[in-house]
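These notes are about the structure you will find just below.
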Amino acid sequence: MRSLIFLAILSLLALTFPVAIASDPSPVQDFCVGVNTPSNGVFVNGKFCKDPKLATIDDFFFTGLDRQRVATNAVGTNVTAVFADNLPGLNTLGIAFARVDYAPNGLIPPHTHPRASEFLIVQEGSLYAGFVSSDQDGNRLFCKILNKGDLIVFPVGLIHFHVNVGRGPAVAFTAFNSQNPGLITIAKTVFGSNPRINPNALAKAFQLDPRIVMSLQTKF
């Protein structure tokens with residue numbers, strides 16, 4: 001009987017443990033407004049919690065996401081992130097949000113979020129968006145042209161991208177099921193690491209001339 005009970009407990013743990021580690025921890029109070037000083041608070045999820053009695057509506061409020069941003073970076077996009085750093089009430093809630101403005105031909109390059117799935121909804125324009133499955137699944141490309149009102153989901157950890165393919169600017173909103181989804185931009189990580197990865201190793205991995213690799217490394 002004891003062995004059966006033990007096996008039952010192990011089975012329950014096997015079912016619940018992956019769920020527990022697949023997303024941010026659940027809060028044990030109504031909210032934990034993040035502050036950067038330890039005064040009147042405790043340290044949770046990388047932030048000190050404000051005394052809940054001192055919380056105000058402004059801790060949970062963000063404005064200005066209706067305003068167009070100029071996309072002037074090298075890839076033609078401008079990301080307005082809404083994370084716990086600029087919306088303190090998000091701390092411990094396990095969510096984050098962003099607005100993305102695209103210049104014509106602007107893109108968010110291939111990247112991954114190691115701690116979150118993401119959904120993206122198009123507010124204006126047309127985007128070519130997709131993700132690539134893992135090696136075990138044959139690196140299949142899942143992609144689609146998205147227009148205003150369309151939504152796509154990017155599974156956690158998989159490489160994905162979105163590109164403005166319309167004639168004018170585009171706008172999209174994204175959301176994550178983690179307050180700190182993380183960001184690994186593939187090209188920047190591979191060719192812009194600090195210190196640099198040996199170019200001969202990258203040349204062999206990408207089947208390129210080492211001189212091309214060194215040229216790419218100067219761009220990141």
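Here the Cβ of each residue, glycine as well, is placed from N, Cα and C on the backbone.
As recorded in TrEMBL:
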| type | residues | note |
| --- | --- | --- |
| BINDING | His111, His113, Glu118, His160 | Mn(2+) binding site |
| BINDING | His113, Glu118 | oxalate binding site |
| DISULFID | Cys32-Cys49 | disulfide bond |
| DOMAIN | 63-214 | domain 'Cupin type-1' |
| SIGNAL | 1-22 | signal peptide |
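Overlay of TrEMBL feature records on the structure.
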residue: His111; record: Mn(2+) binding site; Cβ contacts under 8 Å, 6 or more apart: Ile159, His160, Phe161, Leu183, Ile184, Thr185, Ile186
residue: His113; record: Mn(2+) binding site; Cβ contacts under 8 Å, 6 or more apart: Phe154, Val156, Gly157, Phe176, Ser178, Pro181, Gly182, Leu183, Ile184
residue: Glu118; record: Mn(2+) binding site; Cβ contacts under 8 Å, 6 or more apart: Val153, Phe154, His160, Thr174, Ala175, Phe176, Pro181
Integer mean pLDDT for the domain 'Cupin type-1' (63-214): 96
Cys49 (disulfide bond), number of other Cβ atoms within 10 Å: 23
Recorded positions compared (Cys32, His160) - the one with the fewest other Cβ atoms within 10 Å: His160
Env. residues of Mn(2+) site, Cβ within 8 Å of mean position of His111, His113, Glu118, His160 Cβ: Thr112, Ala116, Phe131, Phe154, Leu158, Ile159, Pro181, Leu183
